[in-house]
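**Student:** Here you go, one structure.
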Amino acid sequence: MNIDFLQTPRGKLITFAVLGIVLAILPWVLTGGFENGKSWVRAVDFALLYIMLALGLNIVVGYAGLLDLGYIAFYAVGAYTYALLNSPHLQAMLPYWLHNPPFLLMLLIAAFAAGVFGLLLGTPVLKLRGDYLAIVTLGFGEIIRIFMNNLDRPVNLTNGPQGINNIERVHFLGLDFGRPVEWLGLTFDMVHLYYYLILAFCIVIIFVTLRLQHSRIGRAWVALREDEIAANAMGINIRNVKLLAFAMGASFGGVSGALFASFQGFVSPESFVLMESIMVLCMVVLGGMGHIPGVILGAIIVSITPEILRDVINPLQEGLFGKRVVDPENLRMLIFGLAMISIMLVRPEGLWPSKRRAREFHEHDEEARA
Amino acid sequence: MSEALLQVKDLKVAYGGIHAVKGIDLEINQGELVALIGANGAGKTTTLKTLVGMIKPAGGEIRFDGQPTARLAPYHYVSRGLVLVPEGRGVFPRLSVAENLLMGAHVRNDKADIAHDMERVYHLFPRLKERQAQLAGTLSGGEQQMLAIGRAIMSRPKLLLLDEPSMGLAPIIVQKIFEIIRMIAAEGVTMLLVEQNAKLALETANRGYVMESGRITLADSAASLLANEAIQKAYLGE
C-alpha cells in the first residue's frame, strides 16, 4: 500500500471516513455475523475501556518514564466513586443532592477523585525511579484494593468482598443506557449503547493525549524521562511536572473506571487485582510505549486475544485429540503468555513503536550497516 | 556605576564537612566575558553549581540582576536568565538536535521568537542545522558541546555560565568552540567561563579570577593575568 497517500489531506480524510464507518457498523457486524455476537460487542466495549486505561498509563510510563505497577487502583477509584454515588448501597447515608449526579458531572467527579489519588501516590514517590518506584506503586495498588475489600467495617462503605451491585446505568441525552432502544429499525441493546458511549469518550481521550504529546507539558515529560537533572537545568519544575503526569494518568483511569462500573452494574475488589495492572502495562509495552496508535493496538490485542482464544481452543482441541485435553482457561493464558514473550523477543520496541523508539532499538543495526 | 549583573559576596559552600568554597567575592558586569581559572578541585564547578541553585550555599550572598537568589528553587533560575552549560554537556541523548534546542526554550512561550532563535543558533552552528534531525547521543563530543551551548542560548540567558567547554575535545575543536564563545560574546551575551585551559580562557575573556583551594587568590584584567609571572608558571605552562 502506498503510505505517502495516507499522509496527504485527501488520504487522511478517506482514512478517517473509512475508520469512522467501520467503527459505526462494527457492533452490528458482530451481532449479525456471530451467533454469540452480543458477547463479542461486550468484549469490544471492554477493549475500548482498556484503550482508555492504556492511554492513561502511557502518560505515566510512556511519556514521563515513571514505571507504575499499581495503575489499576485509579480504575478502581473511578469505579467505586461511580458505584457509591449511583447505587442504593450508600445513598441512604448521603445527602440527597449527591444521588445520581448528571452523567458528565459524574465523570468529572470520578476523574477528580482518581486524580487526587494520583497525587497521593505521586507525592511520596517524587524522588524514586525505576525498580524502586515500581515496588512502591505496586504496593499502592494493592493497598487500594485491600481497602476496598475491608472497608465494610466499622462503617459499611464499600460492602467488602461482596462488592456493590444495583448500580444505575448511565442516563445521558435523555437515554437510559440500561434499556434497549429502537431506532432506524435496529434494536440498540445495552452493549450497543455502551459501545457508542465508551467509543465517544475513548475518542475524546485519544484527542487529549495527542494534544498533550506535542504541548509544552508533553515535552517537559519527555525531558523528565530522558534526564531529570538536565530537565531541571532547562527550568522545568520537576516536582509539578511529575505530579501532573501521575494525576493526569490517574484521571483517565478514573473516567474509564466510572464507565466500567456503570456498564457492569456491579463492582467488587476482584476486578482490580495486580494482574489487571500488569495487563494494562503489557498493552502499553507490547503496543509501543509512548506511541498512541501503538498503545491502542496493544490494548486491542491484549484484551481481545484471550476472547478469541476462548472460542478457538475447544474446537481445536477436539479436532486434534478428539477430546478436551487441557482446561481451556489454562491453555488460553498459556498461549497468550507465549505470544507475548515471542513478540517481546522479536520486537522489543513494541508492535507499532514511534519512529524514535524504533530508531533507539535499531541504532546499532544502522551503525553496523554504515 | 550601576550595580553589577552578578554580585557574589563571601560565598561559602560545604559538602558534608568539606569546605569546597571558603568565602569568595565575584562580580560580573553586563556584557563582560569573565574567566574563572584554577587547578582541579579548586572549587570552580562548585561555584557555578551554587550560582544556579543546584547546591545550596553555606553562607554569603548572591545577587543577580539586582535581587538575591538565595531562596529560589532550581527551576526558577532559567526564567530569571541565569543558565548553566554543565560540565559534560548534559544534552538529552535520545532526543533529536532540534528537540534539544526546543527544550532550552522551555521557559519561554512566544512561538515566533523561539523559531527566530532557532535560526540564530543554526546560524552560529551550521553543523547543528545539518544534523537537526539526528539524535543528540550520536553527535561527536564537539557537536554535543555546540548543542549544549546552543540550547542554553535558546533560553535567552542574561548570564551564561560555561563549565569546562573544552573538556575532552580535540585541540582543533576547542579552537572552534572558543571562536563561537567569542561570537556569542560579541552579540552582547554576558558570560562566566570556567576553564582549565587557562591560556585560552584568558585570551578570550575581558577579566579573570584565579581560584585556589576554595579561595579567589587573584582578580585582574585578562591581559594582566596573562602577563603575570606567577600565573604563567602555575597555569600557563611557560
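Numbering starts at 1 and runs along the chain as it is shown here.
From the backbone N, Cα and C atoms, a Cβ is placed for every residue, glycine too.
OK, TrEMBL features for this one:
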| type | residues | note |
| --- | --- | --- |
| TRANSMEM | A:12-34 | transmembrane segment |
| TRANSMEM | A:40-61 | transmembrane segment |
| TRANSMEM | A:66-83 | transmembrane segment |
| TRANSMEM | A:103-123 | transmembrane segment |
| TRANSMEM | A:130-148 | transmembrane segment |
| TRANSMEM | A:193-212 | transmembrane segment |
| TRANSMEM | A:243-266 | transmembrane segment |
| TRANSMEM | A:278-309 | transmembrane segment |
**Student:** With Cβ-Cβ distances below 8 Å as the criterion, list the same-chain residues six or more beyond the ends of the transmembrane segment (A:66-83) that contact it, or say none.
**Tutor:** 53, 56-57, 60, 89, 106, 109-111, 113-114, 117-118, 121, 125, 129-131, 133-135, 137-145, 148, 158, 164, 167, 242, 245-246, 249-258, 260-262, 267, 269, 271-274, 276-278, 280-281
**Student:** Can you tell me which parts of the same chain pack against the transmembrane segment (A:12-34), counting only residues 6+ beyond its ends and a CB-CB cutoff under 8 A?
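**Tutor:** Counting only partners 6 or more residues beyond its ends, the transmembrane segment (A:12-34) has Cβ contacts under 8 Å with 6, 40-41, 44, 186, 191-192, 195, 199.
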**Student:** Report, as numbers and ranges, which residues of the same chain sit near the transmembrane segment (A:243-266): CB under 8 Å and 6 or more residues beyond its ends.
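**Tutor:** Apart from its flanks, the transmembrane segment (A:243-266) reaches 45, 49, 52-53, 55-60, 63-64, 66, 68, 71-72, 74-83, 86, 106-107, 110-119, 121-123, 126, 163-170, 177-178, 194, 197-198, 201, 205, 212, 217, 221, 224.
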**Student:** For the transmembrane segment (A:130-148), what are the same-chain contacts with Cβ under 8 Å, counting residues 6+ beyond its ends?
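**Tutor:** Sequence-remote neighbours of the transmembrane segment (A:130-148) are 66-73, 76-77, 80, 117, 121, 124, 158, 269, 272-274, 277.
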**Student:** How about long-range neighbours of the transmembrane segment (A:103-123): same chain, 6 or more residues beyond its ends, C-beta under 8 Å?
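**Tutor:** That would be 70, 73-75, 77-78, 81-82, 85-86, 137, 140, 144, 170-172, 201, 242-243, 245-255, 257-259.
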